[in-house]
Amino acid sequence: MFTKVLIANRGEIAMRIIRTCSRLGIKTVAVYSEADKDAPHTKAATEAYLIGESRVSESYLNIERIIKTAKKAKADAIHPGYGLLSENSRFAERCKQENIVFIGPSPDIIAKMGSKIEARKAMEAAGVPVVPGVSESLGDIEAACRTASQIGYPVMLKASAGGGGIGMQRVENEEALKKAYEGNKKRAADFFGDGSMYIEKVIEHARHIEVQLLADQHGHTVHLFERDCSVQRRHQKVIEEAPSPFVDDELRMKIGQTAVKAAKAIGYTNAGTIEFIVDQKQNFYFLEMNTRLQVEHPVTEEITGLDLVEQQLRIAAGHTLTFSQKDIQRNGHAIEVRIYAEDPKTFFPSPGTITAFSLPDQKGVRHECAVAKDSTVTPFYDPMIAKMIVKGQTRTEAIEKLETALRDYRVEGIKTNLPLLIQAAATKAFKEGDVTTDFLKQHL
């Protein structure tokens with residue numbers, strides 16, 4: 001096992017990784033920007049190093065500074081967390097060049113799955129169903145219009161290198177496509193350095209179901225069942241749960257086996273997630289693969305009893321999985337909500353100083369958090385400030401705990417999405433599990 005791990009991240013995920021490393025006796029190295037000089041992760045780690053200015057490009061996205069810091073601290077591995085550099089193949093390659101273990105898959109797999117077009121091609125080759133569409137980069141606007149008319153409107157215009165909803169837009173007709181195409185192409189080029197676009201058919205009234213995978217370096221791959229992430233705003237998840245209320249045992253087995261087959265086909269290692277879109281008839285289609293730990297990994301941990309960060313560390317250190325598929329059992333129901341520092345109606349970020357902060361303290365409620373009273377939420381980074389996870393023996397029990405905990409959650413000084421979460425959890429549709437990716441638009 002590793003002696004010292006540098007965490008190339010911030011916020012709650014840095015705290016989460018530090019917690020597992022500490023339990024395993026692994027020393028931790030935190031990195032921080034000027035804006036984060038007093039952040040909790042800098043105090044929780046064994047060592048902490050300033051890596052740059054507040055701007056993310058000058059700190060958490062600065063590959064060479066992070067590598068230099070890892071060497072200075074004599075870290076033998078780097079955990080990228082999620083977001084930031086976690087799916088940057090160049091970062092993984094630089095770690096490899098410096099003989100620092102990157103806790104994740106190989107650089108070539110990150111690159112392949114990072115290109116949504118290449119990922120579609122790989123899944124098609126593996127016999128995994130993909131959303132009807134094209135697996136080639138679109139050329140000019142005329143080519144895009146021809147392709148869309150062949151598929152049939154409405155279509156989803158997507159950036160090949162995209163993520164977090166950036167460069168993605170639903171278009172209803174040719175006129176809308178012409179308006180959207182160049183803007184999204186430019187946005188993708190600006191954000192990701194790749195303006196390649198492709199088109200997929202819109203699956204109406206769909207659910208977003210993803211499968212958590214673990215794969216060691218010795219050919220063993222298992223799935224840890226599914227998560228339902230259908231409650232979204234602007235193509236970003238807000239509420240996630242495991243298991244899905246929509247997935248029956250037959251679909252669970254089928255979608256899990258398909259995800260394992262897909263991971264094996266590309267030679268995947270470490271923790272990963274395959275996201276599927278599922279229609280009303282339970283047909284499922286590959287959307288994308290996330291080659292990192294997911295924000296919503298705690299709901300899987302709660303129902304399986306496994307520490308996914310520990311498994312990542314063990315796999316990266318060359319250990320074999322100590323369990324097989326049949327050993328993994330589901331227990332209970334878990335729901336996660338993301339607490340964002342944002343206006344609950346407009347979704348605009350709400351930076352500022354937290355003047356009061358208290359977390360609900362009840363059995364079956366878990367908090368992943370990196371803010372406190374007097375913490376400053378800056379405009380430089382993602383507005384998610386915390387996650388709350390509830391677990392019950394049944395979904396009904398979990399929802400009851402969720403509603404109670406949300407009412408007891410207190411954040412003052414900034415706006416948050418807590419009112420939205422309270423409303424969502426109280427709806428008849430959510431309680432009945434009648435949730436699609438249109439849920440927030442339809443019910444709130």
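Keep in mind that glycine also has a Cβ here, set from the backbone N, Cα and C atoms.
For 1-444, the entry in Swiss-Prot reads domain 'Biotin carboxylation'.
The feature ATP binding site is assigned by Swiss-Prot to Lys116, Lys158, Gly164, Gly165, Glu200, Lys201, Val202, Ile203, His208, His235, Glu275, Glu288. According to DSSP, Glu288 (Mn(2+) 1 binding site) is assigned to a strand segment. Within 10 Å of the C-beta atom of Glu288 (Mn(2+) 1 binding site) sit 21 other C-beta atoms, taking all shown protein chains into account.
Confidence across the domain 'ATP-grasp' (120-317), taken as the mean pLDDT and rounded to a whole number, stands at 95. Annotated domain 'ATP-grasp' per Swiss-Prot: 120-317, in sequence order, evidence recorded as sequence analysis.
In this view, Arg338 (hydrogencarbonate binding site) is surrounded by 23 other Cβ atoms within 10 Å of its Cβ, with every protein chain counted. Taken residue by residue with DSSP, Arg338 (hydrogencarbonate binding site) is part of a strand. Among the features that Swiss-Prot reports, hydrogencarbonate binding site is placed at Lys237, Arg292, Val295, Arg338.
Counting every protein chain shown, the Cβ of Glu275 (ATP binding site) has 18 other Cβ atoms within 10 Å. DSSP assigns Glu275 (ATP binding site) to a strand segment in the three-state reduction. The Mn(2+) 1 binding site annotation in Swiss-Prot covers Glu275, Glu288 and rests on sequence analysis.
Annotated Mg(2+) 1 binding site per Swiss-Prot: Glu275, Glu288, in sequence order.
Summarising the annotation, Swiss-Prot assigns Mg(2+) 2 binding site to Glu288, Asn290.
Taken from Swiss-Prot, the feature Mn(2+) 2 binding site applies to Glu288, Asn290, supported by sequence analysis. Counting only residues at least six positions away in the same chain, the Cβ atoms of Glu87, Met113, Glu210, Gly272, Thr273, Ile274, Glu275 sit under 8 Å from the Cβ of Asn290 (Mg(2+) 2 binding site).
Taken from Swiss-Prot, the feature active site applies to Arg292. Using a 10 Å Cβ-Cβ cutoff, Arg292 (hydrogencarbonate binding site) registers 25 neighbours.
Taking the Cβ of Val295 (hydrogencarbonate binding site) as reference, residues of its chain lying under 8 Å away and at least six apart in sequence are, in sequence order, Ile13, Tyr82, Lys237, Glu240, Arg338, Met384, Lys387. Lys237 (hydrogencarbonate binding site) is surrounded by 22 other CB atoms, counting those within 10 A of its CB over all protein chains shown.
The Cβ of Lys116 (ATP binding site) has Lys158, Ala159, Ser160, Ala161, Gly162, Tyr198, Glu288 as same-chain neighbours under 8 Å, each 6 or more residues away in sequence. DSSP assigns Val295 (hydrogencarbonate binding site) to coil in the three-state reduction, outside any helix or strand.
The secondary structure of Gly164 (ATP binding site), as reduced to three states from DSSP, is coil rather than helix or strand.
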